[in-house]
Ligand SMILES: Nc1ncnc2c1ncn2[C@@H]1O[C@H](COP(=O)(O)OP(=O)(O)OP(=O)(O)O)[C@@H](O)[C@H]1O
Ligand SMILES: [Mg+2]
């Protein structure tokens, strides 16, 4: 019986090739989108699956409140380590201090490379599940050792055995390679940890860190923990909540709250608002999940619509089958078998589409997803998807078609009743509602990205290049380098800074000034710069003056930005004296010499933070900022810069970044989301149009005779086109009315997350509607005009 | 076999109610060949559809082989129809996607008959109808007469007690029409009861009895020859 069903189904497919192509093709596209999104979601959800103890690993987060604004982040102070080790030992299997993942200059012989790595405590290999392939698993035991990732070891030593060899870091310290570990796979935290150096090496060689051992106010490090086997994550998190507040009076006023962020949440749920965890990337998982379901739904709607639209043709078959003994249940099974066959074909095609597009998708989404040929879970879900789609797409046609009464259809008097097209119309409306909402959503996302991109940054990025200077080799050479760079003609100005122009690396508090309100909990972005910083990056001085080499007191001068003026409540900022509020050992007073324009150094979607630019007296800089000569090509200038750099620092790798590219990274995530949702929207529209195309051709076919008669009676091609298109355009109009308020509501909500956001304008909605109408007219017209141009005599004779 | 009493059938459309059959009383005996005649629109097809249990009467009773049919649900009617009835239509009504063989086989599939038996019975019937050489053709590749022979093959494949034919020769030329009438007569002589709607006086002579319908009512019944007698 089943075989008979499939045979009929197969012949039906062959007989209506165009229909089958639209049906299977559309469904295949929909399934392909659902599959790709499914793979993406799976990849997102399995982030960090490399770590065996994932469930027990966490990072300590801290939130503090300044002037009522609560900020939460992973930075913690050093005294927390002994506090937890002494007071809460039972709760933890491991407590591991770590530096931030930072760029390091590695040198072996004449080979200089830059890699990212960490300083970590001795348990790191166990904590991070490292698979040590050479050397000592306990590779951080000796203070002068370094563990290398396999890829880094290969770059540095080629085929030689690296164990016991020396690597020079920052051209300052010689370290012995103690172990080589397999690179941590891409889809995991710490995948960029190319090397690990003992934590003690870090502490012992930096006076400022040693000085911070008892300083609860300096939050500059990370702490990772693995809770004890019998401990409960949220209980431990709760236990340590007030440790800092209880142990330290000075910082208690900022209400420091500690908590554990489980490893499971690092990637997808690491956003905080007012000290509360509020999700994060997980929202994109939801977003794409919803898009995937909708696209699949659109494809299923096509299937339903095309099947029922053909009902009048198949009505006869139903009637005959019933009159010779076919039961309704048998017919339902028959139609479901047909839809199963179509879905299986579509699935095979979808797998092909996925295979062909996976590389491109990986590029776009910055993923390394492989097709899960060997995953039973995937095939299980695929089977589920096939059955689900067959039922979803096939049940309505099956119920509808099998309900025909044989008397009606066999007598030839069968006419789909006045309302029989209604479900079909509702489905078309649903399709276009989704499509129009997608169009609006995508346009607004793009607009918001452009809006932020076009936001004035406050300085000039064009031709601005930064070079990392993370080595003491650079100390006291700034003036010398500046002269050489400018003298070569490749550079017009140069200055140093303690953080990149596109970032804030340090925040400070603990200062007073005249007029500072009582109890004001100040917090400033802190950047140390050399004399020509404002000039180099083209930052405007709004009041006062820039630093000057000729005025000795400028070494105690600072520039503040516009926001800081308002924040500090200064009427006449220039000349204001700023005092260190540390009573025991105060630093020297500073004096505001100028006010600079606000520049974006953090998120382009957030307001600019109050910031100070302080004269760099202690070689605290981390970057050279170079303004390339605009009158010659950048590559030519960079070649000159590289030569001068290497002449002066032969042991340091030469590395540079264009500031505009760095800045562009801030949009990468939104840009990717925008591009992907754009592509999915286009596919959704394509699928809807395929369906519409199929529907129109059926309507045109059904009305061939009517069109013939009308033409004989004098109807023009336009009349016929109008007759066929009008119905569909009405449906699209209804869709727009439903989609616009929904899209407005959702997108408005999305935009609220961005303090700096585009204002929704009505023309966007108008444009989206116009687009939907345009696409509909094009799709429908193709068939309508074909029908309209047909020779009426021909169509009449076929009856 | 068939006893119809005070049967009424009305169709209700938006504007009007049409009384297609009005107080019809009819008895058809086992083995009888009855022709129904009358002007267009008098209710012939409606009556045939009710006899064929494709439709329910509005009023009155219809007894088929001892079972009261009026008021049965569709699924019950399907059950009763299965294997007992065969249909032949003016427009053949073959399924275009199936071959001749498969069209004829279909009722047997619905009766859950085994594959080997199906093959045997279909081959037999097609031989008898002289269509065996066309078994693998599709309906569109056949002439009207051939298509009607396939339709008759399909109607008789379940060895039904009753065959209902609605203008079986309406779309055929006289030669093919005659062939179909001969086939029906043959089936009748083998014991199958036949009720046939026709417009043709010529065709009606093949029947034992002719029933004349006018405006939904039976006006006269003529006995051509006694049941069992040859033409
Ligand atoms: N589904 C229906 N809805 C409304 N009226 C119907 C329906 N089917 C039949 N009728 C009406 O019932 C009457 C009888 O129709 P029927 O088809 O039985 O006529 P007929 O005798 O078979 O005619 P013909 O010889 O032209 O086939 C006609 O007036 C017809 O209009
Ligand atoms: Mg009729």
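Yeah, the Cβs are placed from backbone N, Cα and C, and that goes for glycine too.
According to TrEMBL:
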- A:20-242: domain 'MacB-like periplasmic core' (DOMAIN)
- A:290-403: domain 'ABC3 transporter permease C-terminal' (DOMAIN)
- A:679-792: domain 'ABC3 transporter permease C-terminal' (DOMAIN)
- A:21-41: transmembrane segment (TRANSMEM)
- A:284-306: transmembrane segment (TRANSMEM)
- A:335-358: transmembrane segment (TRANSMEM)
- A:378-401: transmembrane segment (TRANSMEM)
- A:426-446: transmembrane segment (TRANSMEM)
- A:679-700: transmembrane segment (TRANSMEM)
- A:728-747: transmembrane segment (TRANSMEM)
- A:762-785: transmembrane segment (TRANSMEM)
Any contact, the transmembrane segment (A:762-785) to the transmembrane segment (A:284-306), with at least 3 Cβ pairs under 8 A: no
Within-chain partners of the transmembrane segment (A:284-306) [C-beta distance under 8 Å, separation at least 6 from its ends]: 19, 22-23, 26-27, 29-31, 33-34, 37-38, 40-41, 44-45, 268, 339, 342, 389, 392-394, 396-397, 424, 427-428, 430-431, 434-435, 438, 673, 676-677, 680, 683-684, 687-688, 690-691, 694-695, 698
Number of helical, extended and coil residues in the domain 'ABC3 transporter permease C-terminal' (A:290-403), per DSSP: 98 helix, 0 strand, 16 coil
For the domain 'ABC3 transporter permease C-terminal' (A:290-403), the mean pLDDT of the predicted model: 86
